[in-house]
Amino acid sequence: MSAVTGPPAELAERRDELTPMLQQYVDRCAEHDDALVLFRVGDFYKTFCGIAEEVARLCELTLIEREDSTGTYAAAGIPVDNAAEYIERLLDAGHRVAVADQVEDPSEASGIVERAVTQIITPGTVVDDELLSPDSTYVAAVVGADADTGDAPAYAVASVDVSTGECRVAPAADRAGAREEVARVGPAELISGPGTPEVDPDCPVTDWDDDAFAVDAARATLAEYADPDRFAAVEARAVGGLLAYAEYTQGDDGSLEYVSRVRRYDPADCLRLDAAALRSLELFENRAGGDREGDTLFETVNETVCALGRRRLASWLRRPLVDRAAIEGRLDAVGELSTRTLLREELRDELRAAYDLERLVSRVSRERANARDLRSVARTLSIVPNLKAALADAESDRLGRLRDDLDELRETRELIERAIAADPPQEITEGGVIADGFDEELDEVRSTEREGRAWVADLEQQERERTGIDNLEVGHNQVHGYYIEVTDSHLDSVPDEYRRRQTLKNSERFVTPELRRREDEILGAAERADALEYDVFREVRAEVAEAADRLQGVADDLADLDALLSLSTVAVGPDFCRPTFHDGDEALEIEAGRHPVVARAQAEFVPNDADLPAGGVALITGPNMSGKSTYMRQVGLIAVLAQAGGFVPARSASLPVLDRVFTRVGASDDIAGGQSTFMREMSELTDILHDATEDSLVLLDEVGRGTSTADGLAIARAATEFLHDEVGARTLFATHYHDLTALADEREGVFNLHFTAIRDGDDVTFLHRVDDGPSSSSYGVEVARMAGVPDSVVERSRELVEATDGHERAPAASTAPAATDGAGTADGESEAASDSSTPPGQQTLPGTEPEGAAADGADALAAELRELDLARTTPLEALNRLQELQDRVTDR
Ligand SMILES: Nc1ncnc2c1ncn2[C@@H]1O[C@H](COP(=O)(O)OP(=O)(O)OP(=O)(O)O)[C@@H](O)[C@H]1O
């Protein structure tokens, strides 16, 4: 119960004195004390007291005083007709919403109409179309095994999309694995009970009844959807507890019949991307936290034409394949579609007409579908024969299978087309829903109604002729029904059987016994027709619901086809190629690769090659903004896209099947996210060092930068050595620690790459081209010079850097097992062997004493100099900073 939810105190304490309506409100609030209760009164959802204040504040509604015999209360009302828009605001503010609807027909109620909560709307369980984005919306639960029983697996992560019925559960070996799976699912809401571990999700967490996660209760819930014996205890608890929650949120509807399959899956069966990788590769969100069109890999390659395909493509990118045959299967289909332009466009045109069949079917099963929804089901089914025909000569296995599997569901479609009116209204209780000719009884009743109306329509003319009153009129109003109106000047001509009904200013209104009889007949028939239509509609809907599984099968196939078409549409773009895969012992080779997102926005994008042998570690140096991160991400994205079954932006790509892509983006790059602490950096590094395998791709960007230079360098070096010596993962490591480049001479398989910039007068041009070998270490000072720093200061900086270079290699080398000859420095100069007497982290500066306080000062100075981020420093700042440093050196 939050501060504002639960029964308002001023009402609850005197419940018995309240009006019956407010008593009901208090009761519903008490039953749902964790949600804001919206209480249906007429055309509004009303709220009272504290809840009203909160709702009025968040929805910018007027707070009114409601007065009755028992007192005055604050009240606010949300109009039922556009409730969705307001409910969305309440959800965004972190609330849950319980909708209490009238569950009795007001005309039949004795006393106050009974209201019950029919739906609880939470961020992860919305089913209302108006509140749903086209993307998947999951609610998830994580459960840990009971430590005493030593059950395996240790954790399970369950997720369900209540709007489509997609439900899955995955085992996880440890909490990190569970956390990673939650990140991959990306739920809108996470359910937690006392036994559930903390996994820091990026979404609201809802406390949920602990009992639901107890193994017996959970198995009992699960038994309604799947055979509980297929699941380990911890999996059954996670998915059973979660489904119980989903049922609870759907109020009266109870069991979610359309959850027809609960799938178990193993996260290791896909290319694993943890939260850090999803974020830094910008798969679904750019690092600024948005998903602006074109800013993410997903938006860049999303050419789907229907919601089904959009969600499918997202799930393929979130979980790329690791099974080579399955990858090749998708690539074959993408390849075929990419070369057959006409077929591709024909299929896409057909799919544009597809509605969101998954969600429609779930609405049909939940008895929430209206007549328009059924028409949309039929419309979607009507494209199936065309798709099958278009795919008749498809050659690839995958497309052939799709063609053969696609189920036309002819009977279901015909049933809907025969039964439902062509353009039915939104409401299913007000008639006009069922087509003529479908139900005999309905047809009869309708014809009675039609005849009656025709008789009335003719009456005016007939009576004018019979009575000779030429301005006699037949009309209708709500109160008196049909009447015959005669102006006062003609009252003499009114026949005897006319009965007076109403006197107006200049006229009188009459009825006749026959008109009354006809009226009753019309009204009776209309009412009967509405009731009949409703019954017939429900029967038709129930019959369609019987085919729910088959319809979901069609939805599945349409989703696959749209996703394949999307990948093939991207594949025909300039310079995309089909990747090839090898067993993993060969190099990851990319020729003229491009970053799919950056290259799309940048016409002048410079393609780059990559050649990373098994176990190879590439150390990438180069000035800020030269393209290091882009290059590394581009390798990662090409791998992800390829394993999702897509063509890749390169001239050629020969790839291993990766098991995971790890990324660690250094502090400076993450600052925008506001969450870059050194601690976080290290814990992500720990995960990588623990979990990477020789089939993994590791992308490290400026690791160690969040701490002092010496520590950072030591950590970066040790981590690189570990990855190379112990793990054997393919690694790309972008670093500003120039000293790290010496590792290339010590370890086979470690090599240097660099990015350069060239100077032309005052202009710096970044080539964005990757080249072999390390970059020049004196680049920072060059930038300072270009920025206009005075010559004397630049000269002094150069001296300091050279001196530092000469000595700083000592600590780095001293951590390596083998002594080094110090060759292969930045400038290509050979340096003397390191001074092994210099302690780690200490440098000697020319013109200063090598010992004591002065040496410490020089150390600090050198460290500060190296940490200067020149690409992000304005000339003025640089000048001031150098002045400050110079002052310090001169004072000494
Ligand atoms: N291959 C390329 N062709 C054209 N432009 C590129 C290329 N690679 C990167 N760029 C451009 O250069 C900018 C900087 O690239 P990137 O962030 O990769 O540099 P960086 O070397 O990692 O910088 P830092 O060290 O500051 O993190 C990018 O935003 C992009 O616009």
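Each residue, glycine too, has its Cβ placed from N, Cα and C.
Because the structure is a prediction, the values reported are computed rather than measured.
Features of the protein shown, as given by TrEMBL:
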- Gly622, Pro623, Asn624, Met625, Ser626, Gly627, Lys628, Ser629: ATP binding site (BINDING)
- 392-419: coiled coil (COILED)
- 811-837: compositional bias 'Low complexity' (COMPBIAS)
- 799-859: region 'Disordered' (REGION)
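The highest number of surrounding Cβ atoms within 10 Å, among the binding-site residues Asn624, Ser626, Ser629, is found at Ser626. On its own chain, Gly622 (ATP binding site) has Lys628, Ala734, His754, Phe755, Thr756, Ala757, Ser775 as residues at least 6 apart in sequence with a Cβ closer than 8 Å to its own Cβ. Secondary structure from DSSP puts Ser629 (ATP binding site) in a helix. According to DSSP, Gly622 (ATP binding site) is assigned to coil rather than to any helix or strand. The Cβ of Met625 has fewer other Cβ atoms within 10 Å than any other of the binding-site residues Pro623, Met625, Gly627, Lys628.
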